[in-house]
Amino acid sequence: MMTEDKYSSQIQQPQAKFFTTITYGCQMNENDSERLAGQLKSIGYEHSDNLEKADIILINTCCVRESAEKKIYGKIGELKRLKAVNPNLIIGITGCMAQKDREKLFKKASHIDLVMGTHNIHELVKLVREVEASKGKVLAVWDQAERMAPNVPTVRRGRISAWVPIMYGCNNFCTYCIVPYVRGRERSRPVEDIVDEIRQLGKEGFKEITLLGQNVNSYGKDHDGSDFADLLSAVDAIDSIERIRYMTSHPRDMNDKVIAAVKDSRKICRHFHLPIQSGSDEILRRMNRGYTTGYYRELVDKIRQAIPGASLTTDLIVGFPGETDELFAETLNFMKEIEYDAAYTFLYSQRSGTPAATMPDQLPLAVKKARLQQLMQAQNEISLKINKRLEQTVVEVLVEGPSKTDDHKLMGRTGANKIVLWEKQGPEQVGQLARVKVETAQTWLLKGRLVLL
Ligand code: SAH
Ligand code: SF4
Ligand code: F3S
């Protein structure tokens, strides 16, 4: 009789196959990469970060600014070497740059096998099979999305926090922005789909959910059902989830109902990310943002009155065409007036095909850089001042794991999304809420000590 051992040694074990994903851009792209990974796993590929070992490498790209594109083209160039060593390696480019540049990518880099647009992500398995069968170039870029792409398996990178897309695309056409051209029109996922996915995540042990969309506040406008506040309340009712975040809000579409939903909930984080982009009404008008600084100021007042202590963050672009020294000073002053907890600041980048790209008075890079410097310096001072107020107070954090720089410390985030580090000492566990007394506040970081109950 044949023993099991003998039997297995006689069978030819298929060699494991590996894939790597390299992701640029926003959280939406991070989540798309998780869905790419899920599809590859479903056909037997294992994940590995080791490029030398990979049989498939997918670069999931961003084109929101030229700097991102340059970096990505550099990375694509580096992969040529690997293809020379392993001619069977499949190199695929997906995401926003693939949607925009399409077959041009094959011309720029002849070692690319697959170009797949943002609306084709769910087709990965079929497309990989096509590359494997033909050993030729495969291009799959639909101009428009299907009403709602089918669900595909997802392999999450984290174990505590998960991203959940609630809508795809954007209808806003801010004049500087390429996103609506590469992500298509707004499509909201049905509430039941979203709630089912989050319930499942809760069962798997996830504690924090970030609802994703380019403009989450217009959730549901493309069908007659629930709006964003209704969705927040539905997610709030899911037991096992401890924290709910969402991004990004468009100030124009933020409303009282959403503010009330946040106020009435224990789980929805008291953090508002409201990209202002510019503090000049003239520039805001030319950006097609659909609000004024006066409207925005009132919105912030309303939030701060309803939810004292709510944290506020923003995005800002410097050097939009026609931004004079005076108009830039308006932005700097507005930023100082609002006192954001943090601001993400960007140099304006000309995106071909967008209205702002052909506006007169494009500014030299040196002017943009000098303004960015001023803005960042002013913001750093404000962030530090706000964080200093937290010294000697106790904050609640969701424990994420060991600090990346110091094994003896744990890292977590407050509801306001501030990073906190403390000495590992007590019974606190990854994925649990803990209370930490802040001892030292820095611009980007709070350091403290665990408060034992
Ligand atoms: N939908 C989100 C995120 C869009 S992209 C929103 O509306 O806020 C993230 C940020 O990139 C934007 O908020 C904006 O500040 C910045 N951005 C977009 N296009 C840009 C461009 N052409 N140049 C510089 N920054 C840009
Ligand atoms: Fe771009 Fe404006 Fe849409 Fe945001 S809201 S993705 S900045 S067009
Ligand atoms: Fe970039 Fe596309 Fe996100 S352009 S910012 S990856 S939607």
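Along the chain as shown, residues are numbered 1 onward.
Cβ atoms here come from the backbone N, Cα and C positions, even for glycine.
Quick caveat, the model's predicted, so the values are computed rather than measured.
In TrEMBL this protein carries:
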BINDING   CYS26, CYS62, CYS96  [4Fe-4S] cluster 1 binding site
BINDING   CYS170, CYS174, CYS177  [4Fe-4S] cluster 2 binding site
DOMAIN    17-133  domain 'MTTase N-terminal'
DOMAIN    156-385  domain 'Radical SAM core'
DOMAIN    388-452  domain 'TRAM'
Other C-beta atoms that fall within 10 angstroms of the C-beta of CYS96 ([4Fe-4S] cluster 1 binding site): 28
CYS62 ([4Fe-4S] cluster 1 binding site) in three-state DSSP notation: coil
Spatial separation of CYS26 ([4Fe-4S] cluster 1 binding site) from CYS170 ([4Fe-4S] cluster 2 binding site) - C-alpha basis, Å: 14
Binding-site residues close to ligand 3 - of CYS62, CYS96, CYS170, CYS174, only those whose C-beta is under 6 Å away: CYS62, CYS96
[4Fe-4S] cluster 2 site shell beyond CYS170, CYS174, CYS177, criterion: Cβ within 8 Å of Cβ centroid: ASN172, PHE173, TYR176, ILE178, VAL179, PRO180, GLN214
Sequence-ordered binding-site residues from CYS26, CYS96, CYS170, CYS177 with Cβ under 6 Å of an atom of ligand 2: CYS170, CYS177
Alpha-carbon spacing, CYS96 ([4Fe-4S] cluster 1 binding site) to CYS177 ([4Fe-4S] cluster 2 binding site), which is rounded to whole Å: 12
Distance-selected binding-site residues near ligand 1 (C-beta under 6 Å), from CYS62, CYS96, CYS174, CYS177: CYS177
Mean of the pLDDT scores, which run from 0 to 100, over the domain 'MTTase N-terminal' (17-133): 96
Packing count at CYS177 ([4Fe-4S] cluster 2 binding site) (other Cβ atoms within 10 Å of its Cβ): 21
Residue distribution over DSSP helix, strand and coil in the domain 'TRAM' (388-452): 1 helix, 34 strand, 30 coil
Secondary structure of CYS26 ([4Fe-4S] cluster 1 binding site) (DSSP, helix/strand/coil): coil
Cβ-based neighbourhood (8 Å from the centroid) of the [4Fe-4S] cluster 1 site, residues CYS26, CYS62, CYS96 excluded: TYR24, GLY25, MET28, ASN29, THR61, CYS63, VAL64, ALA68, GLY95, MET97, VAL179, VAL182
The one of CYS26, CYS62, CYS170, CYS174 whose CB sees the fewest other CB atoms within 10 Å, among these binding-site residues: CYS26
The domain 'MTTase N-terminal' (17-133), counted residue by residue under DSSP: helix, strand, coil: 63 helix, 25 strand, 29 coil
Rounded distance in angstrom between the Cα atoms of CYS26 ([4Fe-4S] cluster 1 binding site) and CYS174 ([4Fe-4S] cluster 2 binding site): 17
